[in-house]
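Participant: Can you read through this structure? Questions will come right after.
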């Protein structure tokens, strides 16, 4: 398992470090190949990849001023000036240890809060599952940039989830095709939407490769004790902000980094140094960014509500291995939960070692031309789709959803709501039918049970906040 953790950290760091590639792409590509692994090993690998993904973007942000991931944008503000000043090794070392601090803080929060939420969630029945799933969909929709487009992709996901056999063993929407009798295949869907779509996008919009410099000559230097004493409060503030924002569905590392960066600039004794090579800027950006890892896993594991695209695909991994998502995972698979908790903590030391001894090599690899990388990625994507069912039809599914994903990205449709709709479709349907059977068709069952009512109220608040935002925008335009 330790090997799986390190391998995941290396792959995640590499994909995040290469501008234009993402950790989400890495997981989508390699998800089919985790099917043959034991669930514990598969999720150790995925957690390692998640940690590496969040950390890796800082390497190219510092070395070539091209953030490998959105969460590392703020790191480039101060990291690149330090690199140009001949302090690249110190900047990468500071970013690495800041990432570790944020990751350890959020992993601790996950270990402390996860079981408590899990125990509460074990009390859920069908009405609570229905209300929770409904709240999850509404939260993802209302937190999206374009609410209408999020509604459309969510509805498409729900419709795709309805394909196959319903609860009463009746075929629906399969158009007489045997391949669809068990539903839309999940792995080719994920590979197509997240991996093949990016390949098509790169072909359609070729990007200029980042400039080469002496970035591969850097020697990573960790901060000394004096800097640790100076920056520990900065790490603590950034870690708290990142853990909290990571808990919010759809927020992500980029928001956490920007919020933490601006907050630290206000309380800093030297705010004028921010953007010019401030060590505090790097420390707060990376600690906040990496603290989202544990934060985003809390709702993902305990409630089945993903915090971002990566954890949305991670939910798919649970289904691929025949595992439940949400509260039932705590009841039936406590050993796996413990493995995930420990892996989330240990992955910080995995990418610490990767950063210390492999940063210069990863930066060098990150500068490889896309024309050399894309064919290899395409082959892996098609092989992964084929491996899902040992059939060329699954390759066709992957290509179809790749084109669909490309169109979504071209017209700025968020893909995450579609995956969530596909995953939650069956849960919503079965929970609703069971609730109606329990209550003899009385809708009041959703409002008379405390937790079910709580999720409905939260969903209503999210909707009202969206309406209020639309109202403010309308009044602003009128004025």
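Every residue, even glycine, has its Cβ placed from backbone N, Cα and C.
TrEMBL entries are annotated by machine, without manual review.
Pasting the feature list from TrEMBL:
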- 2-420: domain 'DUF112' (DOMAIN)
- 6-31: transmembrane segment (TRANSMEM)
- 43-64: transmembrane segment (TRANSMEM)
- 91-114: transmembrane segment (TRANSMEM)
- 126-144: transmembrane segment (TRANSMEM)
- 150-168: transmembrane segment (TRANSMEM)
- 240-261: transmembrane segment (TRANSMEM)
- 310-330: transmembrane segment (TRANSMEM)
- 336-359: transmembrane segment (TRANSMEM)
- 371-387: transmembrane segment (TRANSMEM)
- 418-439: transmembrane segment (TRANSMEM)
- 451-470: transmembrane segment (TRANSMEM)
Participant: Using a Cβ distance cut-off of under 8 Å, indicate which of 150-168, 336-359, 371-387, 451-470 has the most pairs with the transmembrane segment (43-64).
Facilitator: 336-359
Participant: Which sequence positions outside the transmembrane segment (91-114), separated from its termini by at least 6 residues, show Cβ-Cβ distances below 8 Å to it?
Facilitator: 51, 54-55, 58-59, 62-63, 75, 78-79, 82-83, 218, 220-223, 227, 231, 235-236, 238-240, 242-243, 246, 279, 282-295, 297-298, 301-302, 337, 341, 344-345, 347-349, 351-352, 355-356, 359
Participant: Between the stretches 6-31, 310-330, 336-359, 371-387, which wins on the count of C-beta pairs under 8 angstroms to the transmembrane segment (126-144)?
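Facilitator: Between the candidates 6-31, 310-330, 336-359, 371-387, the best contact partner of the transmembrane segment (126-144) is 310-330.
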Participant: Could you check whether the transmembrane segment (310-330) packs against the transmembrane segment (6-31) - three or more CB pairs closer than 8 Å, residues at least 6 apart in sequence?
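Facilitator: When sequence-distant Cβ pairs are counted, the transmembrane segment (6-31) touches the transmembrane segment (310-330), since at least 3 lie under 8 Å.
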Participant: Grab the same-chain neighbours of the transmembrane segment (6-31) for me: Cβ-Cβ under 8 Å, and only residues 6 or more beyond its ends, written as numbers and ranges.
Facilitator: 44-57, 59-60, 66-69, 187, 190-191, 193-195, 198, 202, 207, 210, 309-310, 313-314, 316-317, 320, 347, 350-351, 353-355, 358, 362-363, 365-366, 368, 370, 373, 377, 380-381, 384
